[in-house]
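Participant: What follows is a structure written as structure tokens; I'll ask about it next.
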Amino acid sequence: MYPQRTQHQQRLTELLDAIKTEFDYASNEASSFKKVQEDYDSKYQQQAAEMQQIRQTVYDLELAHRKIKEAYEEEILRLKNELDTRDRQMKNGFQQQQQQQQQQQQQQQQQQQQIVAPPAAPPAPPTPVTSLSVIDKSQYIVNPTQRANHVKEIPPFLQDLDIAKANPEFKKQHLEYYVLYNPAFSKDLDIDMVHSLDHSSVVCCVRFSRDGKFIATGCNKTTQVFNVTTGELVAKLIDESSNENKDDNTTASGDLYIRSVCFSPDGKLLATGAEDKLIRIWDLSTKRIIKILRGHEQDIYSLDFFPDGDRLVSGSGDRSVRIWDLRTSQCSLTLSIEDGVTTVAVSPDGKLIAAGSLDRTVRVWDSTTGFLVERLDSGNENGNGHEDSVYSVAFSNNGEQIASGSLDRTVKLWHLEGKSDKKSTCEVTYIGHKDFVLSVCCTPDNEYILSGSKDRGVIFWDQASGNPLLMLQGHRNSVISVAVSLNSKGTEGIFATGSGDCKARIWKWTKK
């Protein structure tokens, strides 16, 4: 009996030894794997540091290049302005010389008449000037040969916006707004306010639905949808979870401004972009969020749906434009540029996307391939591109042109050639605003361009000629956003404005 127990003990000892051997082997192997992993981690960190260094070097080079380019452009602009000033001085000197010669001739003629002619009756008192018939209309009209020029004089009726000083013939005054008309043209357009919509904070954006029945507005933490006809509030959209999630997406001030809103083509969905880097897709029938698109690393400033309704384009301060597939909620294409993106737009046929940025440039890409089709900037052949950040872009209804508004106080109209061997050109530069241009849009008939500015005004421009037809002063603060209803017709239309005075307003224009 005892010998058998001894055999069991020996067997147990052998098994324990085998287990110990296996454990030692596994421990050695684990140590080996750990060492390999540490080597891999070390190499990864080293390569990541090298990549970060390379990226920083590239950013530094881009910054240096941009500064050098800006310095050259500023010097060129200074020289151009100096030449323009010199030309104007020479022209004024020549005109003064001519006037002096004419005065001398008139004095000589009067002296001769006094010698040979009998005394004349005393001169009649001067007739006060109240009509434009004796005013030089050329000061109010853009010279056709200078349509695209970046440097032009502001028409006199836009230089002083004091309604009390305006000619009664060329103004319309209301308790809450007034309109100044260009005296060189007949008052064919009339502007009336339809609704004034109060908000609790600055109105950052306004946008009509495709059928023109509804308008969406974005302000602090809230998106609202109104009936255009009645002005009734039909939806108030607030993401309550944004107040609960105090993570990296929360702004330091606790504010969450809705920077952009856009209806889907069928009007069933509303996309909103905000400071927390998120794009929210709302179902308007339930007033609930059905998708959240994540990927941007900074504030989202602009959104636009594609005509098919399955894709959405976004622009962000993180220097990227992204195209989203709403069927998968994934980003299908990312387009990176040198500076923050402030505005995006999709062409009517969905084939092109345009973006404006802080680097004073409008870029146009093929929406399918991501190929850069056009770069519209101050470096074009004629040197008549924008000279400051571009804050708004809009395609014309036929998709052949792009309007852009900039902090350089101008609006520009670009003709898209769509050919690799021929560059797109700036057709018209619209001069008249006295401060930053923050928003632009085109009427569906391509007859007018509307622009909103920090000078609190909205200007109606004749798209083809570049002439300012009228200025609407309808807010007490900057006009941050302007939008036109797509169902506007040639003789009448609806547009909306959003302002820093915490109001969104719906307006109607009629053409006589």
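For all residues, glycine too, the Cβ spot is worked out from N, Cα and C.
Just lifted these from Swiss-Prot, have a look:
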REGION    90-130  region 'Disordered'
COMPBIAS  95-118  compositional bias 'Low complexity'
COMPBIAS  119-128  compositional bias 'Pro residues'
REPEAT    198-238  repeat 'WD 1'
REPEAT    253-294  repeat 'WD 2'
REPEAT    295-334  repeat 'WD 3'
REPEAT    336-375  repeat 'WD 4'
REPEAT    385-424  repeat 'WD 5'
REPEAT    432-471  repeat 'WD 6'
REPEAT    474-511  repeat 'WD 7'
Participant: Could you give me three numbers for the repeat 'WD 6' (432-471), the DSSP helix, strand and coil residue counts?
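Facilitator: Its residues fall into 0 helix, 22 strand, 18 coil.
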Participant: For the repeat 'WD 2' (253-294), what's the mean pLDDT in this predicted model?
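Facilitator: The average pLDDT of the model in the repeat 'WD 2' (253-294) works out to 96.
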Participant: Go through the chain and flag residues at least 6 beyond the ends of the repeat 'WD 1' (198-238) whose CB is under 8 A from any CB in it; none is fine as an answer.
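Facilitator: Those are 255-263, 265-267, 270, 272, 282, 284, 287, 480-488, 494, 496-500, 502-504, 506, in sequence order.
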Participant: Please list the DSSP helix, strand and coil residue counts for the repeat 'WD 7' (474-511).
Facilitator: 0 helix, 23 strand, 15 coil
